[in-house]
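Take a look at the structure below.
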């Protein structure tokens, strides 16, 4: 008896399930940090903040960062399998164009988590524990907090078009001409996303300061990227 789970399609299905599960954990905690905890923290005193950082944030950050890791790794393996199956025509398919757009944002989001957000949050967690135990917090991490916020807000903005394009890859039609060259559309999409990532590292929050602002930015980015793809394809 053939068992579908032990075929390549079965492997992809397992990877997709891991991708969904880890992605829900990751993006769910991203929205918790930005939409819930971020609004809560300015309204409480220092003792409550220290308790949150020392006792709640470590638990949330565990799911957040490892959700990001397994989402990225499972997605990367699926992308390699799809690229192998489609060969040189991969980027000439609706799947290739949409998945590239979403995967590029997802990759930057993953890097932001592990290289910017988590190192700073780890320092703030240690500061909270130190304050509760009568120790001396490291003031340098408090000064770095805005950098983590900018990276987190950028991830929130990216997540809105990312979810759209991940769904579009399998479910949204896109007419591709026979002589289509994907170079221009992929280059422009990449430049836009790369520019926003540079801002995440060295720029400013701008309209992403508020929850409403970051949602508006995410929707605007989605509209721009999708319109660009439709026009250039």
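A Cβ is built for glycine as well, from the same backbone N, Cα and C atoms used for every other residue.
Among the features that TrEMBL reports, transmembrane segment is placed at 14-33 (among others). Remote same-chain partners of the transmembrane segment (14-33), defined as residues 6 or more beyond its termini with a Cβ less than 8 Å from a stretch Cβ, comprise 5, 60-61, 63-64, 66-71, 74-75, 77-78, 81, 113, 152, 155-156, 159, 163.
According to TrEMBL, the transmembrane segment annotation covers 63-83 (among others). Away from its own ends, the transmembrane segment (63-83) comes close to residues 8, 11-12, 15-16, 18-19, 21-30, 33, 90, 95-96, 99, 103, 106-107, 109-110, 113-114, 118 of its chain (Cβ-Cβ under 8 Å, at least six residues beyond either end).
Under the heading transmembrane segment, TrEMBL lists 95-117 (among others). Non-local neighbours of the transmembrane segment (95-117) in the same chain are 26, 64-65, 68-69, 71-72, 75, 79, 82, 86, 89, 147-148, 151-152, 154-155, 158-159, 161-166, 168-170, 172, 174, 182, 185-186, 189-190, 193, 197, 200-201, 225, 229, 233; each lies 6+ residues outside the stretch with a CB under 8 Å from one of its CB atoms.
Under the heading domain 'Urate oxidase N-terminal', TrEMBL lists 96-191.
The transmembrane segment annotation in TrEMBL covers 154-172 (among others). Residues 27, 30-31, 34, 94-95, 98-99, 101-102, 105-106, 108-109, 112-113, 117, 193, 196-197, 199-200, 208, 214-215, 217-219, 221-222, 225-226 of the same chain lie 6+ residues outside the transmembrane segment (154-172) yet bring a C-beta within less than 8 angstroms of a C-beta in it.
Per TrEMBL, the feature transmembrane segment maps to 184-201 (among others).
What TrEMBL lists as transmembrane segment is 213-229 (among others). Within the chain, the transmembrane segment (213-229) has long-range Cβ neighbours (under 8 A, six or more residues past its boundaries) at 34, 97-98, 101, 153, 156-161, 164-165, 168, 174, 185, 188-189, 192, 196, 206-207.
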